[in-house]
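One structure coming up, written as structure tokens, with questions to follow.
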Number of protein chains: 2
Amino acid sequence: MTSLRVLGVDPGLTRCGVGVVDVARDRSAALVHVGVVRSDVELPIERRLATIAAGLRAVIAEHQPHVVAVERVFAQHNRSTVMGTAQASGIALLVAAESGLDAATHTPSEVKAAITGYGSAEKLQVQTMVARVLRLDSLPQPADAADALALAICHAWRRGVGGPASSSGTAALTPAQRAWADAERLARR
Amino acid sequence: MTSLRVLGVDPGLTRCGVGVVDVARDRSAALVHVGVVRSDVELPIERRLATIAAGLRAVIAEHQPHVVAVERVFAQHNRSTVMGTAQASGIALLVAAESGLDAATHTPSEVKAAITGYGSAEKLQVQTMVARVLRLDSLPQPADAADALALAICHAWRRGVGGPASSSGTAALTPAQRAWADAERLARR
């Protein structure tokens, strides 16, 4: 393949960000699709999850990504919604597997580090860099889907699309992050 | 229908307890199926979730429950595995919806209160009561599937299978639990 097509998923029950990018061997990236899969807060939880699953399956069917990258959810974040976010992330991973695709998870700080070189970057910095990387005229819209694009770009760069890009793909990582990346690679062999 | 067939799911990534019971109008309950859906810890997370989904779909196809009850997962519990548990619960809810079934969640203390009359009951007390309710000669095996059976029985009793059983189905609840049950009923109309 000349480029890697990645679907990034920023999981959420009410709004689930999705971004599809093509990343070439030289690390350049092109926007394929960006959007949000929504579920109605009035629906029972099982129907909401089914809506998310159907929306993600539609994106995969239309854009045929090679791999799915999902933001890793942590228990300590934002307690009131974290369980719904975790469930939505599980749905994204399941839909990937049932579509015959590999999946991977990345933490928010891994994504920020990969995109901006700085693991604690502000949202606007990430959006600005995503727009620059994808050569967009303005910030990605909707704004909350920019994270999904960042995740997709991060995944391709960290996995090292192409040969010489491999090392630079993890160059922005701290030693701890690099150790994590190595451990993750080993775990997924 | 003369009885309600409930699939109870005690969500877990490594071991997901499943229990199917038939609960009659007089609140008597009969064991239909009990078991555990396992996923290999060596597999990547998306494959593990797909294994859980396939296992749950097989149980639904074989035993044709009317409704699925899933244990509600809380962020503060057992941090290291809670995300996997939350993801597995999301899968159980999704599989219910995609099988055309309603789903409901109950907290561990709601289950304990419904089964033993005491929201902080010990595991052995719950297992003992489940065995008694189902008229089993010994405690349910595997032991960790007893929670799934308790959940299924709890669901039928709290939903009030049949007419006169309705009130007694919530008789063991505290006022707060009853208020919760009423709110839940309203929310699901």
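Each Cβ is built from the backbone N, Cα and C atoms, and glycine gets one as well.
Relevant sequence annotations retrieved from TrEMBL are reproduced here:
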| type | residues | note |
| --- | --- | --- |
| ACT_SITE | A:ASP10 | active site |
| ACT_SITE | A:GLU71 | active site |
| ACT_SITE | A:ASP144 | active site |
| BINDING | A:ASP10, A:ASP144 | Mg(2+) 1 binding site |
| BINDING | A:GLU71 | Mg(2+) 2 binding site |
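Where in this structure would I find these features, and how exposed are they?
Reduced to three states, the DSSP call for A:ASP10 (active site) is strand. Cβ environment of A:ASP10 (active site): A:CYS16, A:GLY17, A:VAL18, A:GLY19, A:GLU71, A:ASP144, A:ALA145, A:ASP147, A:ALA148, A:LEU151 lie under 8 Å away, each six or more residues apart in the same chain.
Summarising the environment of A:GLU71 (active site), the number of other Cβ atoms within 10 Å of its Cβ, over all protein chains shown, is 25. DSSP classifies A:GLU71 (active site) as strand under the three-state reduction.
A:ASP144 (active site) falls within a helical segment according to DSSP.
Cβ neighbour count for A:ASP144 (active site) (all protein chains, 10 Å cutoff from its Cβ): 16.
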